[in-house]
Amino acid sequence: MEPPQLGLIEQSFNSRYSNWAREALDELPDNFTITDPCISGHPIVFASRGFLKMSGYSRDQVVGRNGRMFQGPNTCRRSVMEIREAIREERGVEISLLNYRKDGTPFWMLFRMAPVFGKDEGRVIHFVAVQVPILRRRQRRRNGEGLCGEILSNSCRREVCSSSSVELAGVSAADSDCRALEIEEKCEASDTEKQLAATAISNVLSVLTHYSESTGRLVCEKRFGPSLVSSSLHISLGRIKQSFVLVDPHLPDIPIVYASDAFLRMTGYARNEVLGQNCRFLTGVDTDPSALHQIKQSIQAQQACSVRILHYRKDKSSFWNLLHISPVRNATGKIAYFVGVQIEEGSVDRHGLSPEMRQLSVVGSIKVAVRSSSMSYSIH
């Protein structure tokens, strides 16, 4: 793992939870991993002792890697796609999955995943994935006139029954047949195993919630606040370094659902003070009402507009904002957001681009990001 990536992973966990969180999580008996969808590659940022023992890997071999490292040739691709879709939609999922240990042996497990939300931001911070080994399943097959039945996932035992006597011949072939069945046929979890997974998720979320309190960056298992952008779109927008906000015209009062870091630096506000608010908090006593009317008309007409408007920072200092507003459509052509790109009058671009060219470049990048994100949903 590259040093910059390692730094991001350390920050992902340490910036949210106190130093005692790792120790508390390690005391839990459950098999689980914690991943960060906001880091490129969606890597594992924590793996429990139980998970490491079950998989045969060390922590250094797991942290920083994507969960696909545990998949193998017989892992069901449809199940993997269900998990990916749940991640994109930022929701939980529970599914039986065939994974592989470090030594290459396959095993069936119940995979249960849940998102962890930042209470202030309302976006997904982490995913918790619990893995419960499926200890046994029942499979009934015809074998001549008899029925055979119980297969254990670890030992894969086959009991051959006939109307007259138990035939011991061919046991080796039967065992081999069972191992093939164990891999090829989907293994369903019992109600007990499902309850174990649900309890494990609850335990992990409880620890994360508790140890986020001391950092002041609270997490929770349900989204609070306005409907924000998905984590995949959040990652794409984070690569755009200029000052801009996205607002959702489909929500009451057209609130801000994304604010770039450059916007926060320009205005002096914190992210939690901005998200969910209408942009009018930037206006003040000397803001021209006609400029506000022009913005309102452009949104109602679903058209782009550029306006020079007097705005105010958090410290009450004013600045002339060269504001460009444009509708942003998703892959189906429907307007999903409006973007507002802000450039402080008098600022100089290091590449020598005019304010108009800088604004159009940002708008173009945002449109590509939104369209790509919505296409990911439609594909699945």
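Cβ coordinates come from backbone N, Cα and C, glycine included.
Now, the feature entries from TrEMBL:
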type	residues	note
DOMAIN	40-90	domain 'PAS'
DOMAIN	91-146	domain 'PAC'
DOMAIN	256-278	domain 'PAS'
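Averaged across the domain 'PAS' (40-90), the predicted model reaches a pLDDT of 93. Remote same-chain partners of the domain 'PAS' (256-278), defined as residues 6 or more beyond its termini with a Cβ less than 8 Å from a stretch Cβ, comprise 120-122, 225-229, 233-234, 237-238, 240-248, 311, 313-315, 319, 337, 342, 344. Sorting each residue of the domain 'PAC' (91-146) by its DSSP state yields 0 helix, 40 strand, 16 coil.
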